[in-house]
Amino acid sequence: VFLCVIWYTTSALSSNTGKAILIQFRYPVSLTIIQFAFVAAYCLMFMSPLIQFSRLRYPTRSILMTTLPMGAFQVGGHMFSSMAISRIPVSTVHTIKALSPLFTVGAYAMLFGVKYSIKTYISLLPLIVGVMLAFTFDVSASSPTGLFCAFGSALVFVSQNIFFKKVMPSGSQTTPDKLDKLNLLLYSSSMAFILMVPIWSFTDLPRLLSTQYNSHPNPFSFSLVCHFVMNGSVNFAQNIIAFVILSSTSPVTYSIASLIKRVWVICMAIVWFNQSIHPIQGFGIALTFVGLWMYNASKSDVEKGEKTMRRVEAIRNMVLPST
């Protein structure tokens, strides 16, 4: 419970401080690359001889090939998220991200032919209607780019989950280069940072140089730097706490905790920015929460469908069953 409270708080702070930064400093790609740099730096600090929470694993080909796809997904998901937050409210972004179960079920049904029960499909209806009502009555939802980026972020993270369930070793399977939490976070963030450098060089860097060249006021004020430090710190904290909770609880418990986190982040964003909520928009957000709860209740049916998909693929690839 204590870890969950910290996780919810750091997640809300990460989104809200990110929005506060982007109000003053409208460079979402720069914010994303700085976040990856902070996470990698914190990982190295906690693995230093003075603290030594973990030992630094030297990179091997296997480690780099494992963490490269993770870094690529992180780049897409976080960059879309930052671009969305810079254009529309945090609560709207996370309400749209709550459609992740719909994208997951749709992807498994269309790509892998997985069939779900009627209970699962019914649970998705409140999600769809709730999200539609939530941003239909939002005055800032007139930014189609922001809405597109929020949907893009949700799709990238769903694709990441499907990719790792399909490709990465599971449960009892181990690899010689299996990484602990800090090393995994270090290498995935470092890979994401490296992949972000060319994107940042072509997008935000020319604009930042132009601002400096034209003798505009320095965009990095003291309050902005403080926001960056806080954002980087809580971003690292929410990542490492999520790993700890996932490793110490069952998948069902983790999914319930994630559901409550989504509700908490949306409510905190509304309070933090003193956001006025249209009654129908509030009803839409509440309906989204109901949909998430109903989807979580049918989670066992969803997991059964995913196991069926993996079994069919294993038979197709002539893989022997293991116990």
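Placed from the backbone N, Cα and C atoms, the Cβ positions cover glycine too.
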Task: Annotated transmembrane segment segment (source TrEMBL; candidates 63-86, 255-278) - done: 63-86
TODO: State the residues, same chain only, that lie 6 or more residues beyond the ends of the transmembrane segment (30-51) and have a CB under 8 A from a CB inside it; answer 'none' if no residue qualifies.
DONE: 18, 21-22, 74-75, 78-79, 82, 182-183, 185-186, 189-190, 192-193, 196-197, 200, 204, 208, 228-229, 231-233, 235-236, 239
Task: Other parts of the chain folded back onto the transmembrane segment (184-202), taken as Cβ under 8 Å at six or more residues beyond its ends - done: 29-30, 32-33, 36-37, 39-40, 43-44, 47, 56, 59, 63-64, 67-68, 70-72, 74-75, 78-79, 236, 239-240, 243
